[in-house]
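Taken straight from TrEMBL:
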type: REGION; residues: 1-41; note: region 'Disordered'
type: COMPBIAS; residues: 1-11; note: compositional bias 'Basic and acidic residues'
type: COMPBIAS; residues: 14-27; note: compositional bias 'Low complexity'
type: REGION; residues: 133-169; note: region 'Disordered'
type: COMPBIAS; residues: 149-158; note: compositional bias 'Acidic residues'
type: REGION; residues: 349-399; note: region 'Disordered'
type: COMPBIAS; residues: 350-384; note: compositional bias 'Acidic residues'
type: COMPBIAS; residues: 385-399; note: compositional bias 'Basic and acidic residues'
Amino acid sequence: MSEPIRNKKLDSITAPTPQNTPANAAPISSRAQQPGVASIKEEELDRAAAATLFAQNPGLVSMMQAKLGSLVGRSSGYIESLPASVRRRVAGLKGIQKEHSKLEADFQEEVLQLEKKYFAKFTPLYEKRAKIVNGGTEPTEEEVKVGEQQDEDDEDGAPEEKNDDAGENVKGIPEFWLSAMKNQVSLAEMITDRDEGALKYLTDIRMEYLDRPGFRLIFEFAENEYFTNKTITKTYFYQEENGYGGDFIYDHAEGDKIEWKAGKDLTVRIESKKQRNKNTKQTRVVKKTVPTESFFNFFAPPKPPADDDDATSDIEERLELDYQLGEDIKEKLIPRAIDWFTGEALQFESLEDYDEGEFEDEDDEEEDDLSDDRDEDDDSDEGDDGTKPKQETAECKQS
């Protein structure tokens, strides 16, 4: 069942992947909570020196990783040192915990079935929304009245000036899904100017549950100049066995192949390079196709590394981002598309959900401006030979 948009005062939870959740759970419902691990604080460690040491000794890093990996799950010897009667009670508690785990798995299965039950009730509403967006039908007078009343209740301050054009020749709601996606922060970061031309033809985004744990996202397009696909899907699969706490563990994702029309592939760009023949001095232009950023790369998800491969941080980040994007579309965009189209959903988003590096304090901007002004003053003090006069006193800056 889709999650209501609300202000979440919770710590950010990393999206689960096959690499960072071998025993934890990637819940099929984003409301489930993952078990946490306390962080270890090493105040005496010189991190810069350690990073340099590890960078210069990759063999040492591999050896340490192998050693630590061999210690995972190994007994410390404490349980074995307990008296036999105590060890028997410990074994009994494990048996009770096993029964608890079975009940947790049953609980998660019932939650999934409840989600499916209400998703079936949501579906007719989504279908009517699609018809209105694409001009197939008009909303009823009662629906319009309820919506206008909500706008009046939500108004803060003077109302905005409205367009007097009746729009009799306008069909449906143009660029509905493109506008909604551009207001959803995680999706907006992926959409390039070139992508917008194709996403204008997006007529609907749907979701369906699989027979096994997982879900499928379905993007429907009108006929367009970019590709021949009428629908492009992305499917997220979960492992058959439940993880710790009975939750479903994310396994992998698969996307449809996009049948691009000639010269319209938005996931690549053409690089031209001039080459000169050393002997004849003649020049030629060599063109090369290289990958480029595009929202449509979403349908070519990263592949999890094989069990015997070491997962690099780059692959892990890409897997986490890919999973989180799917969850955002399933849990946020599809259920409340109109709120994303109008931008009203943004007021319920917590900035904690996004990378703090994307934002900076206004004081920092003022300091940057002051720094720029100082640089300009320094430039104006340069002599004719380009040298700066010797300063009598050094300025003390506080970072």
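A Cβ is built for glycine as well, from the same backbone N, Cα and C atoms used for every other residue.
Sequence-distant contacts of the region 'Disordered' (133-169), counting only residues of its own chain at least 6 positions beyond either end whose CB sits under 8 Å from a CB of the stretch, comprise 176-177, 203-204, 344. DSSP states for the region 'Disordered' (133-169), grouped as helix (H, G, I), strand (E, B) and coil, give 15 helix, 0 strand, 22 coil.
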